[in-house]
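K.L.:
Take a look at the following structure, please.
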Amino acid sequence: MIALYGLVLLPLAGAAAAWLAGRASPRAPWSVAIATLVLLAGLLAYVTHAVPAGGGPWLAHVSAPWIPALGITLRCDMDGLGLVLLWLTVALSFPCVLLSSRDIADAPGTFHALLLATIAGVDGVFIATDLFLFFFFWELMLVPLYVLITVWGHEDRTRAAFKFFLFTQGSGLLMLLSILGLVVVHQHQTGVLTFDYFTLATTHLSPPLAMGLMLGFFVAFAVKLPVVPLHVWLPDTHTQAPTAGSVLLAGVLLKTGGYGLIRFVVLLFPDAAVRFAPVALALGALGILYGAWLALMQDDIKRLIAYSSVSHLGFVLLGVFSGSALGMAGAVVQMVAHGLSTGALFVIAGALQDRLHTRDLRRMGGLWPALPHLSATGLVFAIASLGLPGLGNFVGEFLVLLATWRVSPPIAILGAAGLVLSALYALTMIGRAFLGSPPGDGWAALPDFGARHMTVLGAAMALLLALGLYPQPVLDLSLPALPHDAARPIASPPVAPGGPRP
Amino acid sequence: MTAAPAQALLLASMLFALGLLGVLVRRNLLFMLMSIEIMLNAAALAFVAAGMRWHAADGQVMFLMILALAAAEAAVGLAILLRLHAAGRPTLDADTGNRLKG
Amino acid sequence: MLALLPPLAFLPPLIVLCPLAAATILLLSAGRMPAPATRVLAAGAVGLAAVLTLWLAVRFLSAPPPTHRLDVVLWHWLRVGGFDARIAFTLDPLSLVMMLVVTGVGFLIHLYACGYMRGDPDVARFFACMTLFVAAMLVLVLSSDLLCLYVGWEGVGLCSYLLIGFWYAEAANGAAARKAFIVTRIGDAALLCGLLLLATRAGGLDITMLLQPGQPGGPVAEAAAALLLGGALAKSAQVPFQIWLPDAMAGPTPVSALIHAATMVTAGVYLIARLHPLFLAAPTIMAATAVLGLVTLLLAAGSALAQTDIKRILAFSTISQLGYMFLALGTGAWGAAIFHLVTHALFKALLFMAAGAVILRVHHQQDIFHMGGLGRAMPGVFAAFAAGAAALAGLPLVTAGFYSKEAILQQAWHASPLLWAGALLGAFLTALYISRCVFIVFLGPVRTAPTGRTEASMAIPLAGLSVLAITGGLIEMPDAIAPVHLLFRLLAPVLGPPPAEGGAEGGAGLLLLTGALAPLAGIAMAWVLWRPRAGTAAPAAGELARAARAGWGFDAAYGLLLVRPFLALGWLNRRDLFDRVPDLLAAATRWGAAVLGRMQDGRVRRYAGWIAAGTVAALCLAVRP
Amino acid sequence: MIAALVATLPDMPMPVLVLAAGILVLLLAIACRGSRPSGAAGGTDDRTDGGTVAGAIISAATIALAFIGLWSPASPPSGGMARLFAADAWFAYGTGLILLSSGGILAMSWRRMAGERADEAHLLLLLGTLGAVVAAGSANAVAFFVGLETLSLSLLGLIAYRPRVPDAAEAAMKYLVLSGTSSAILLFGLALAYAETGDLRFTAPPAANPAEPALAVAATILVLTGLFFKLSAAPFHLWLADVLDGAPTPVSAFVAVVSKIALFVALARYFAMTDLTGTSLPAQDLAVVAVLSMVGGNLLAFGQTNLKRLLAGSSIAHVGYLLVALLSAGPFGAGSAAFYLAAYAAATLGAFAALGAGPDRPDLAAWRGMFHRRPALALALSVMLLSLAGIPPAVGFFAKAYIVAAGVSAHRMLLLAALIVSSIIGLCYYLNVARIMMAPAPDTAPAMAARSGGTTVLLAALALATLLIGLFPGPLVQRTTALFLPAVPATETAARARGPFENMRW
C-alpha cells in the first residue's frame, strides 16, 4: 500500500510547508501543523480502513528499491503493533501542537517544521522493515528533536540535548554493528546480500553469535526505552526540553524503544531473547523500583515525571521479556497508556512552568484554589500514572505482572512493589504542587486552563478510560506479527507461554 | 674503488640518521633545512647504492630526481625564511615566536 | 444482549450507575452547579440506589433464583493469551446484604452530610467523591470477577484519599490522606500478587471458578491466602497496617462515618468472607487471621481508652471492632463476621454522625476533655450517641452489638478458649472506653458552651440509625434466647450452613452470660473512674497511657525502621549515581583533548620529534617478532 | 629525442596531459601580462583583476577539460608509460574527485585569494592538482615521488601566498620542515625497498627477504611513515592543525581534501595486491595508526575553539575511518573506501567553503547565532558537519555505515570499537558547532567575508549533493563497487573461507 510512504512523506511535506509559512506570518505555521496532523490522521484512518479483512497479521506492505547494490530497499510493512503505535503518535501529536506550541514566539516556522520532521521519523521507525531503512529513520528522528531541545529548551538545555543525542546515537551505532553483523552472516550463509527483515529472520545463528547480535539491538533500544542504568539521559532531556518536546519524547520517542525490543530483539532473536530474559527481567524490575525511588526524591516536577517514566517503562521491559503473548499485549497497552498519561502530565508541568516560571516543587503548593482546572487534571493524570484500575495504565501493568508471574514470581512481586512507590511519588507530587497552603502570601491571579486545554486533556482522559475499561481492540491488535510466515495465525505467541523457565 | 652496496646503504643510513638528528636538535631554521638536505642526499645515496646492487639505471634516475627536489626545496625554503622575516619574525629560532599552536 | 436478560438483571448495574452518574455530573460541572442542586443530586442518587436496592432485595428474597445467585455479565474486559477477565456482577445474598448496608447507610450519611457540609464552598467536590465512593463500593461488593473487584477495591481507596484530604489547605490533612492511600496500597499490592498467583493457577479470576469445591491445600494455597489476607488487613486497618485509620479522621465527619467506619474498612472482611474456601484450604493463615484480629482488637481498644480526641476514640474503636470481625473470620465464623459487619456499620456510623453533630455545635472542638455536660444542651444527640455507644459496648439484649458480638464470642470459644478470653477482655475494654467517652462528653460540668442547633437533615439519620442500632440485632439471635436465624440462613448459600451451636446443654448459656456481663463490668468500671466530678477530668498521664495514646508506637517504629532509611538513602542518591558516569566520561574526554592539544605546542622540532618517535616505535613494533 | 618524447604522450593519462597543457598556457598568459609595462600601482587594479579573471578562466577550463578527459577512450598506458602510470578505474575515480575538488577550490578563490592577486595562485593550484593526479595515478616510485613533490612544493607556495601574514609564513615554514623530513623518510624507505627488490614499481611493499628481514621491514615502515605524514594520520598529524590554521581558507581546503585524496588513492594502490586482512606487518601498522587517528583526531577536535583547527582534527579522524575501510578487505572494503572518500571530500570542502564565506576569523565564537544572522550559510555548514558526523540524511551517514559494514564483514572488531567510541566523541564537537550557531546572536556582528558568487554556488551545490547522495546513495554505490569488481572475488573468497566471526582479529 503506497499510502505507507505517505505516513512519512506527509509530515515531511508539512514540515517544509510550516517552515515556509513561518516566513509569512508567525501564526501560520501552527495552522499548517494542525492541518498536517489532521491530514495525517485522515491518512492513517484510510490505511486502517483499507486493511483487507483476514489478510494475515501483516496489514499493509510497500516496497521500492533504494540501494540495490547492497540489497537495501525502501520496504515498509505494518502490523497491528505498528498501527497501534502510529495511532498513538498521531494522537499525541495533537496535544503537542494544540497545547504547547501555539505560543512559541521564537521562529515558530522552524519549530513546527522540526516537530513534524520528528513525527515523520517516528512514523518511519514504526513501519520500516528494511533494517537499513529502519536505522536511517532511527537516527533521523533524533536530529530535529535535538535542535528542538537545544534552541527552545530550558536553562540547562545544551547539556541535556547533548546527552540525549550522544546516548541515543552512540547506542545506535552498536545497533548498526548488529544489523550489519546479521546481514554479513546471512550473506555468508546464503550468498544473498539483503537488509530485509523477513529474510534476515531466517538466518541461522549460533547461540553466542545470536546473543552478541541481540545485545547490540538491545542496548540501542534499552537506551531509548530507557532501561536502568542506561536511563541517565532521560531525566535531563525531559526536564530541559520544551513542553512539546517533552510530550513527544515521553509519549512517542520512548515507545520506539519498546517497539524495537519487540520487533527486533525478541522476534529476530527469539532463542537469544529467551536466554537473556532473566537479565532483562531483573533490569526491568530494577528500573521500576529505581525510577520510582528517584522520582520520589526530585524537587523538579518535570524531573519527577521523567523518573516516573523510567519506572513505568520498566514494565514494558518486563512484558516484552516475559515471553508470552500476555506480556507482549501488556507491554503495548502500557506503552500507549504511558504515552497518554505522561504526555498529559508533561503538558501540565509545562503549563505550570509557564505560569509560575519555576519547576521547583518547593516553590509550589496550594495551587488548587488558584488553578482548579489545572490542578484537577493534574490529579487525574497522576492517578492514572499510579495505575488506578479502570484506567489504561492498570491494564498494562496487570497484564505485564501476570505474564511475569508465570515466569518469575519474585520479579513480579518486585514489580508490584513498584506500584506502591508509584502511588507514593504521584501523590507526593500532587500534594506538594497543588495541596497544602501557598508559599508566602498566596498566589496572584493565574490563568487557569481554558476550554482548549480541557478539551484536549479530557480527550486524553477519555482515551485512558476507554483503554482501561475496554482495551480489547488494542489487545487484539497488539500482538506483533511474526517475521517468519505471514500466514501463521496471529494468536500463537512468539515464545511458548507457560510455566517457569529453568 | 668499489664498495659493496650494503656498505653504501649503511653509510646512507648513518647520513640519514644524522640528518634526522639535526632536524630534531637544531633550533636554527637554516640548519634544519640543511639537515633535511642531508637526509635527502642520504636517500639519494641509498638509491644509487641500490641501483648498483641491481645493476640498473633506475637508481641514478631517482638520484637525479632527488637532486632536483633538493634544489627546489632549498629555493622554496629560503624564500619562506625570507617571508618569515618579512612577516616580522625576529630570529631564525624555530622554537620561539610560534603563533600557531594548541 | 441485555434485553434478553430478565429485568432483575437490570437492577444491579442500574444501582451502580445511579451514584456513578451523579459523580460524573458533579465532576463535570466543575463546581458550577448551585449547592442545593448538588445536595439534591447526590443524596437523591444514593437514595434512589437505596430504594432500588430495597426493591431488588424484596424481589430477590421473595422469589430467589434456584442457585441463589444472579449473574450479570456486562462486557469482556481483557481477553488475551489465555487470560480472560470480565466486567461482571453477581447478585447473591452476601452481596445483597453488603449492598443494603452500602446504599442504606450510605443514603443516611449523604442526608446527614447535606446538613453537615452546609456552607462549604467545595461541596460539589465533596459529593462527587462521596457518590463515586458509593459506586466503587458497590462495584466491589457486586463483582463476580476478582479483577473487577479490584477496580472497586482501588476505587474506594482513591475516594478515601480524596475525602481524607478534602480540606487540602491544611498540609496535615494531605499527609494523612497520603498515608492512608499508601498504607492500603501496600496491602493492595499484596492483594494484586495474590490475584496474580490465583490467575496463574486457575487461568482466570472469576470467583465462581476460583471457589470450585476441592481446593487443594499446600504452600501455594497458603501463599495465596496470605497475600489476600495482606490486602484485607491493610484495607481494614488491622495490625500491622492499622496506623492509617486514626489519621484518616482528618476528613470531614460524614466521610469518617461512611468510609472509615461503615463500608470501606469492612471491605477486607467482605473479601475474606467471599473467598472463604480459599482460606479454608490454608489453616495456618486462618489461625494468623484470628490471632491478628485478636491482637488488633486488644491493642486498638487499649489505644481508644487513652485518646482525647473524640473522633480518634471512634477510629480506634473501629479498628478494634474490625478486629472482632477478623477474629470471627479466623475462626471460620463467616456469618458472624458479616453479622457484626452489618451491626457495626449501623452503630459506628451513628456514633460518628452523633460525634459530628457534637463537634459542629462546640465550634469544631474535638477534645473530649474540653467538652462535658453536653447531654443537657443536646439531648437528642445525646440519645443517639448513647444508643450507638450501647450497641458498641454490647449492652445485653437491647442492642444490635450484643447479638453480633455474642455470635463471635461463641465461635471463638469453639475455636479456642484463649481467643475467647481475649475477645471477652476486648468486650470489657470496649464498654470501658466508650462509657468513658459518654461520661466525659455528655455528663458533668459544661466546659465549652454549645451553640446553634442540629438541623433536621442531620437529626433524621441520627434517629433512624439509633433505631437500627438498637433493633438491628434481632435478625439473628442465639438459640439460648430465641431461635432467630434470619441472616445466617439468608447467607447460607454463600457462606455455608450456619455453625452448629453448642446446643442447650448449659455451656452455651454460661457463655452467653459471661459475654453479657463483660460490658456491664466495663460500664461499671467506667463509672467508677470517670463518673461526673467537678473539674477533675484530665487525660491519664502515665507511660502506658502515652504509649496507648500514640497507638503503641507503631508509627514511630515504622518511621524509624522503614521510612527514614528509605528517604535518607534516596536523599543521598537524589542526583542519581548512574548519572555520574557520563560526567566521568566527559571529564576523561576533556582530559584527553587537553593532552593532545598540549602536544601541538607550536614547535616544529617537537612535531618532527613525534614523527621520528612514531617511526621508531613502528620499527620496534615490527622488528619485535 | 623530443620527437620520441612526443610520441609517448598519447600514452599518458589524458587528465595529466590536459593539466600540463593548461599550466603551460597559464604560464604563458602570466608571462605575457607580466612582461607588459605596469603603470602606476594604483591604476593596475582593474587590469590585474582582468588578468586574474583570465587566469581563473584558463584554470577552470583546464580542470573541466581534464575532467572530461577522464572519459577519453584512450587505450590504457602501454610500454614504458605503463610502468609509470596505472590508468585504471580507481585512478579515474580518484582523479575525478581531485578535479572536482580542485574545481570547487577554484570557485572559492575565484578572483582573489584572501585579498591577494590570485593569478600565481591559480598556477600553483593547477600545479598542485597535477601533482595530485600524478601521485594518484602513479604505478612507479619515480612517478609517485615526482607527483608528491610537485604537490608539496606548490602547496608550500600556496600556504605562504599571503605576504606579511605571520601565520601564513609560519605555517609554510612548518610544512616545509616537516614535509621535507617526511619526504626524506619516504624516499629512504623507497630506496631500501628498491635495494631489496630491485623494482621501482609502486605496487606492493617488498616481501621480506629471508636473508635480510630487517631491510624489508624498515622499508615498509619508512614508506608508510612518509605516506601517513602526508595523510596526517596520527601520530604524524601534528602539522595539520597549524598548517590549516595559517593557510588561506581555500588552501586549507586543498590540503585537507585534494592532497589527502591523492595520497589515499596512492596508499590504496600501494596495498592493492597485499592481503591486509591478516596480522601482517603493514596491516598491524595501519591498524594502530587508524585507531590513533580516529581517537586522537576526534579528541583533538574536541578541544578546539578554532573552526579550522577543529576541521583539522576531524580530517585526521576521517583518515582513520578511511584506513578502517582499507583494512577491511572484503566485499565492501574497497567500495566503502571509495564512497567514503567522496563523502569526505564533499563535506570537508563544503565546510571550508562555508568557513570562507563566514566571519574573517575562524573562531567558533564568531559563528555564534549564525542561524539568525545568515541562516542559509549556517544551514550549509550544519549539513556539512552532519555529514562529517555521520548523521542522516547527509551522505556521511551512509558512508560511515558502509565502512562499518566493511569492518563487520572483515571482522575488524577492535577497529570498529575505536570507530564507534571516536564517532561519539566526534558527535560532541560537530554538534557543539551547530549548537553555537543556533544560540541567540550576539549584539555585535563579526566582520564577514565579502559575499562571493563562486562560494555560494559551490556551497549550494555541495549541500545539495550531500543531501541528495545521502538520500539516494544507490548510483554512487553502484559505481564505487564497480571500481573494484575484478579484485573482489579473490578477497571475498578469502573472507568466506574463514567464515564469519570465527577468528576475531584487529
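Count begins at 1; order follows the chain as displayed.
Quick reminder: no glycine exception, Cβ is built from N, Cα and C everywhere.
The following feature annotations were taken from TrEMBL:
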type: TRANSMEM; residues: D:12-32; note: transmembrane segment
type: TRANSMEM; residues: D:53-71; note: transmembrane segment
type: TRANSMEM; residues: D:91-109; note: transmembrane segment
type: TRANSMEM; residues: D:121-137; note: transmembrane segment
type: DOMAIN; residues: D:139-425; note: domain 'NADH:quinone oxidoreductase/Mrp antiporter transmembrane'
type: TRANSMEM; residues: D:173-195; note: transmembrane segment
type: TRANSMEM; residues: D:215-239; note: transmembrane segment
type: TRANSMEM; residues: D:251-271; note: transmembrane segment
type: TRANSMEM; residues: D:283-303; note: transmembrane segment
type: TRANSMEM; residues: D:310-331; note: transmembrane segment
type: TRANSMEM; residues: D:376-399; note: transmembrane segment
type: TRANSMEM; residues: D:411-431; note: transmembrane segment
type: TRANSMEM; residues: D:452-472; note: transmembrane segment
K.L.:
For the transmembrane segment (D:283-303) against the transmembrane segment (D:215-239), do we get 3 or more Cβ-Cβ pairs below 8 Å once near-sequence pairs (under 6 apart) are dropped?
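P.N.:
With 3 or more qualifying Cβ pairs, these stretches touch.
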K.L.:
Test the contact criterion for the transmembrane segment (D:12-32) and the transmembrane segment (D:411-431): 3 or more CB pairs under 8 Å, pairs 6 or more apart in sequence, then answer yes or no.
P.N.:
no
K.L.:
Against the transmembrane segment (D:411-431), which of these stretches has the most C-beta pairs under 8 Å: D:121-137, D:215-239, D:310-331?
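P.N.:
The listed stretch sharing the most Cβ pairs with the transmembrane segment (D:411-431) is D:310-331.
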K.L.:
Using a Cβ-Cβ cut-off of under 8 Å, list the residues of the same chain that are 6+ residues beyond the ends of the transmembrane segment (D:452-472) and lie near it.
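P.N.:
Same-chain contacts beyond the flanks: 104, 106-111, 342-343, 346-347, 349-350, 353-354, 356-357, 377, 379-380, 383-384, 387, 392-398.
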K.L.:
How about the transmembrane segment (D:310-331) and the transmembrane segment (D:91-109): do they have 3 or more C-beta pairs under 8 A, pairs 6 or more apart in sequence?
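P.N.:
Contact between the transmembrane segment (D:91-109) and the transmembrane segment (D:310-331): absent, because fewer than 3 Cβ pairs are under 8 Å.
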K.L.:
Other than its close neighbours in sequence, what residues sit by the transmembrane segment (D:53-71), given a CB gap under 8 Å and a spacing of at least six beyond its ends?
P.N.:
13-15, 17-19, 21-23, 25-26, 29-30, 92, 95-96, 99-100, 102-103, 106, 110-111, 118-119, 122-123, 125-126, 129, 133
K.L.:
Which residues of the same chain, at least 6 past either end of the transmembrane segment (D:376-399), have a Cβ under 8 Å from a Cβ in it?
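P.N.:
Contacts of the transmembrane segment (D:376-399) (Cβ under 8 Å, skipping residues fewer than 6 from its ends): 314, 318, 336, 339-340, 342-344, 346-348, 350-351, 353-355, 357-358, 367, 370, 423, 426-427, 430-431, 433-434, 437-438, 459-460, 462-463, 465-467, 469-471, 473.
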K.L.:
Is the transmembrane segment (D:251-271) packed against any residues at least 6 beyond its ends, judged by a Cβ distance under 8 Å, and which are they?
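P.N.:
That would be 86, 90-91, 93-94, 97-98, 101-102, 104-105, 108, 113, 125, 128-129, 131-133, 135-136, 138-139, 144, 147-148, 151, 155, 158-159, 161, 202-205, 223, 227, 230-232, 240, 243-245, 282, 308, 311-312, 315, 319, 322, 326, 334, 337, 341, 344-345, 348-349, 352-353, 355-356.
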